[in-house]
Amino acid sequence: MNFNIAVLPGDGIGPEISIQGVDVMAAVCQKFGHSVDFQYGVVGAAAIESVGDPFPEETYKLCKSADAVLFSAVGDLKYDNDPTAKVRPEQGLLAMRKKLGLYANIRPVETFSSLLHKSPLRPEIVEGADFVCIRELTGGMYFGEKYQDDDKAYDTNAYSRHEIERILRVAFDYAMKRRRHLTVVDKANVLASSRLWRKIAQEMAPQYPEVTTDFMYVDNAAMRIIQDPRFFDVMVTENTFGDILTDEGSVITGSMGLLPSASTGESTPVFEPIHGSWPQAKGMDIANPLAQILSVAMLFEYFDLKNEGAIIREAVGASLEKGVTTPDINESGRRYGTREVGAWIVDYIRNH
Ligand code: IPM
Ligand code: MN
């Protein structure tokens, strides 16, 4: 395959982990005889500073014409502490998702046996947990009508039948490829939008007789993730709930720095870590590059290149077992830098 990849490093630790993702992708392409061309674009605070727009037209065009986007992170303290800022780095990420029509965000929550001791949960609870959250990504409160003055503010949690059907379709299909258990997470006891989700899911379920479909309120789901994470196989939920539940899901695996995601839909797919830009750690060479590197594995798998994905997963597993890890995981013993971990994984790929 000839890959054209748009690389968007963004802010904070983004550029540091981006390099590791790019190096790993290049190494895998070399090993398996693919060619790859990386083109770089600006996004987030970096783009606000340089061109005044968190998702400039030029970056959009770059993404549009690429086969895939390798995205890192956006966000900066300067904006976090200023609720009156007119443009925010996060708008770059949201604009990218919306303009590329990336309505389905796939967030796998997998545990690594060598990291069980790092989980805040007891090992016997978290061991073997393996679920995927399918998060709706271009609707709901993130994009509904907003209003804000000094006395009143609101965000609208709007969903159309079309938006709900297409994300549920992705979720049912995903469940068919896994353990055939789908949990639709909503707040149908309170929210009208959730009741429409539930109605449509009930209409669609008979088309998937092999899938066990159940419904769970989001508060209950939040509890169940820490009480009994093995319950879940595929969960599907709206934008806001999915944002919150996947942060929760990520920490039960031992570190937030481990989880990748794929955002897919109408145009170029985007592969990105689920964590943020961690501006406090910028330039310190301590950020865990594994979420970014595993995003590259998801990229290959998206194109049905299973062996390419598998060698990355094998290398990541080996690095964790050998203790070649950044300080978020390695409290005692030798701490490896972002670059060292990336280089170790590249070496592993070359030699196996
Ligand atoms: C994520 C992030 C984003 C989101 C932010 C940075 C806008 O938290 O990808 O989960 O809320 O979707
Ligand atoms: Mn989030």
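Heads up, the Cβ atoms here are built off N, Cα and C, so glycines get one too.
Caution: TrEMBL annotation is automatic and unverified by curators.
As written in TrEMBL, here are the features:
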type	residues	note
BINDING	Arg97, Arg107, Arg135, Asp219	substrate binding site
BINDING	Asp219, Asp243, Asp247	Mg(2+) binding site
DOMAIN	4-345	domain 'Isopropylmalate dehydrogenase-like'
SITE	Tyr142	site 'Important for catalysis'
SITE	Lys187	site 'Important for catalysis'
Among Arg97, Arg107, Arg135, Asp219, the annotated substrate contacts, find the widest CA pair distance and round it to a whole Å. 27
Give me the non-local Cβ neighbours of Asp219 (substrate binding site): same chain, 6+ apart in sequence, Cβ-Cβ under 8 Å, ordered along the sequence. Lys187
Which secondary structure state does DSSP assign to Arg107 (substrate binding site), in the simple three-class scheme? strand
Near Arg135 (substrate binding site) (Cα-Cα within 10 Å), the recorded positions in question, chosen from Tyr142, Asp243, Asp247, are Asp243
Report, in whole Å, the straight Cα-to-Cα distance of Asp243 (Mg(2+) binding site) from Arg107 (substrate binding site). 10
Can you grab the distance from Asp243 (Mg(2+) binding site) over to Tyr142 (site 'Important for catalysis')? Cα atoms, rounded to a whole Å. 10
Can you tell me which of Arg97, Arg107, Arg135, Tyr142, Asp219, our recorded positions, come within under 6 Å of ligand 2 at the Cβ? none
